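Have a look at the structure below, then the notes.
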Amino acid sequence: MSISLTTKLSYGFGAFGKDFAIGIVYMYLMYYYTDVVGLSVGLVGTLFLVARIWDAINDPIMGWIVNATRSRWGKFKPWILIGTLTNSLVLFLLFSAHLFEGTAQVVFVCVTYILWGMTYTIMDIPFWSLVPTITLDKREREQLVPFPRFFASLAGFVTAGITLPFVSYVGGADRGFGFQMFTLVLIAFFIASTIVTLRNVHEVYSSDNGVTAGRPHLTLKTIVGLIYKNDQLSCLLGMALAYNIASNIINGFAIYYFTYVIGDADLFPYYLSYAGAANLLTLIVFPRLVKMLSRRILWAGASVMPVLSCAGLFAMALADIHNAALIVAAGIFLNIGTALFWVLQVIMVADTVDYGEFKLNIRCESIAYSVQTMVVKGGSAFAAFFIALVLGLIGYTPNVAQSAQTLQGMQFIMIVLPVLFFMMTLVLYFRYYRLNGDMLRKIQIHLLDKYRKTPPFVEQPDSPAISVVATSDVKA
């Protein structure tokens, strides 16, 4: 049975509210902390680094907790609701730091930021873990996933466009109050969209059903071992890490490249101007693309398009050409590639969940998506590390004309490093990734037959609302 439009739109609306709420943190929290609250850049940078390290530990543990959950509402929906409500509260507190001073302010900022990351993880992991439970059909997933990816991207563009005007209009000179009030708008959308998702999106092929209900719960140590035994998940994580490092290097370093190498920072907005539209358009036409082209071709496109973007920027720098149209084209190529990557990645993680059940007879949706989330955050951290390392090695000095050697080093950061990582994703995919064509069809047929033989699992009415099975292995 095909997925209804109501399900697709409800899942997409949930992604909109979720990313509407997170967008203000990714885009404006640094500005809020430094320019509104008055914290030092060093303190904020250290806090962000510590939070990413904690995420690397926290995300898989949260995935394990979700995987061990059994409830009358399924294994994911309770955590989506809990995560939404707690993250909404913490989001409001996050932008209330301007109300404190001195040591109390620093402590408040550190505690609320760490709590924000933890509560968002509670919601985000089970939200994306719904994908492999909605359908086992390859084509249906390819029709489903563009909806949440499109709405998530749209939320980011809306956040970028309306945040500062809202803050100025409502807060006036008191920007802290403006930010605080804007979080209430975000929270309203966040909670409303989550309710729509919970009402209309259903777990059909979850590991919390009659097929797996009688199996013993897995310890955290066993779960970590299963990640390595699922060779296709390991391969996908390697590809995702390489891709995220490359794209984060470009996103984080582009302003430096335009300022010093191309020599005109005013051209940077052209690089971004049509990129968002290209991203959204790619997500809209993805269902048609995947009918016309194989996933192998689309993955190649996801990796090659950003390489062409880098090559275009490199050629303009060498020829000393300042052409807005070429810069717009470079931004479009980059965003077409990244849009393809993000939608393919979500689908492919779902495929590795099916593969794990096919090969190991164990279905762990939340574990797969938790380690995928960890890899995305790791990619951001590694990218920042590479940028800082190379800038130090090449003798970069801010706000002055750079030497020829430094400019060459900047080209290495912006062009060579990303291209190497993008090429790595291609090599890993075509050499080691096998979940395509006949292999995927074989897995789908096997699992459909398996789930048809066992009716959906239903909790008894008198069972506990949420039961998380703990084990002595949690420290593993």
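Including glycine, each Cβ sits where the backbone N, Cα and C put it.
Annotation note: Asp124 (alpha-D-galactoside binding site) sits in a helical segment as assigned by DSSP. The alpha-D-galactoside binding site annotation in Swiss-Prot covers Lys18, Asp19, Asp124, Trp128, Arg149 and is backed by experimental evidence.
When DSSP labels each residue, the topological domain 'Cytoplasmic' (1-7) comes out as 3 helix, 0 strand, 4 coil, counted as helix, strand and coil in that order. Annotation comment: Swiss-Prot describes 1-7 (among others) as topological domain 'Cytoplasmic', evidence class experimental evidence.
Computed over the topological domain 'Periplasmic' (31-41), the whole-number mean pLDDT of the model equals 86. If you look up Swiss-Prot, you'll see 31-41 (among others) marked as topological domain 'Periplasmic'.
Annotation comment: Swiss-Prot describes 67-76 (among others) as topological domain 'Cytoplasmic'.
Secondary structure by DSSP for the topological domain 'Periplasmic' (98-104): 5 helix, 0 strand, 2 coil. According to Swiss-Prot, the topological domain 'Periplasmic' annotation covers 98-104 (among others), on the basis of experimental evidence.
If one looks beyond the topological domain 'Cytoplasmic' (130-143) by at least 6 residues along the same chain, the residues whose Cβ comes under 8 Å of a Cβ in the stretch are 2-3, 7-8, 11, 76, 201-206, 286-287, 290, 346-347, 349-351, 353-354, 365, 440-441, 444, 447-448, 451. The annotation topological domain 'Cytoplasmic' is assigned in Swiss-Prot to 130-143 (among others).
Outside the topological domain 'Periplasmic' (168-177), and at least 6 residues removed from its termini, the chain residues within Cβ reach (under 8 Å) are 32, 35-37, 95, 98-99. According to Swiss-Prot, the topological domain 'Periplasmic' annotation covers 168-177 (among others).
The feature topological domain 'Cytoplasmic' is assigned by Swiss-Prot to 201-232 (among others).
Under the heading topological domain 'Periplasmic', Swiss-Prot lists 256-266 (among others), citing experimental evidence as support.
What Swiss-Prot records for 290-296 (among others) is topological domain 'Cytoplasmic'. Under 8 Å from some Cβ of the topological domain 'Cytoplasmic' (290-296) lie the Cβ atoms of residues 139, 142, 344, 429-430, 436-437, all in the same chain and six or more residues away from its ends.
Taking Cβ pairs closer than 8 Å, the topological domain 'Periplasmic' (319-323) reaches residues 262-264, 267 in its own chain, all 6 or more past its ends. Residues or ranges marked as topological domain 'Periplasmic' by Swiss-Prot: 319-323 (among others).
The topological domain 'Cytoplasmic' annotation in Swiss-Prot covers 350-366 (among others), and the record cites experimental evidence as its basis.
Tertiary proximity for the topological domain 'Periplasmic' (395-408) is limited to same-chain residues at least six positions away from its ends with a CB under 8 Å from its CB atoms, namely 260-261. What Swiss-Prot records for 395-408 (among others) is topological domain 'Periplasmic'.
Taken from Swiss-Prot, the feature topological domain 'Cytoplasmic' applies to 432-476 (among others).
As annotated by Swiss-Prot, transmembrane segment applies to 8-30 (among others), with the evidence given as experimental evidence.
The transmembrane segment annotation in Swiss-Prot covers 42-66 (among others), and the record cites experimental evidence as its basis.
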Counting across all protein chains shown, how many other Cβ atoms sit within 10 Å of the Cβ of Lys18 (alpha-D-galactoside binding site)?
28
Residues sitting near the transmembrane segment (8-30): Cβ under 8 Å, six or more positions beyond its termini, same chain?
44, 48, 84, 87-88, 91, 94-95, 113, 116, 120, 123-124, 127, 130, 134, 143-144, 147-156, 158-160, 163-164, 179, 182-183, 186-187, 189-194, 196-197, 199-201
Counting Cβ pairs under 8 Å to the transmembrane segment (324-349), which of 42-66, 77-97, 144-167, 178-200, 367-394 comes out on top?
144-167
May I ask for the residues of the chain that lie six or more residues beyond the transmembrane segment (77-97) and have a Cβ under 8 Å from a Cβ within it?
18, 21, 24-25, 29, 32-33, 37, 66, 69, 71, 105, 108-109, 112-113, 115-116, 119-127, 176, 179-180, 182-184, 186-187, 190-191, 194, 197-198, 203, 465-466
Find the member of 42-66, 144-167, 267-289, 409-431 that has more C-beta pairs under 8 Å to the transmembrane segment (367-394) than any other listed stretch.
42-66
With helix taken as DSSP H, G or I, strand as E or B and everything else coil, how many residues of the topological domain 'Periplasmic' (256-266) land in each class?
8 helix, 0 strand, 3 coil
Would you mind listing the long-range same-chain contacts of the transmembrane segment (105-129), meaning Cβ under 8 Å and 6+ residues beyond its ends?
14-15, 18, 22, 25, 29, 33, 37, 39, 43, 47-48, 50-51, 54-55, 58-59, 62-63, 66, 75-77, 79-80, 82-84, 86-87, 89-91, 93-94, 96-97, 194, 197, 346, 349, 365-366, 368-370, 372-373
How many other Cβ atoms are found within 10 Å of the Cβ atom of Asp19 (alpha-D-galactoside binding site), counting all protein chains shown?
23
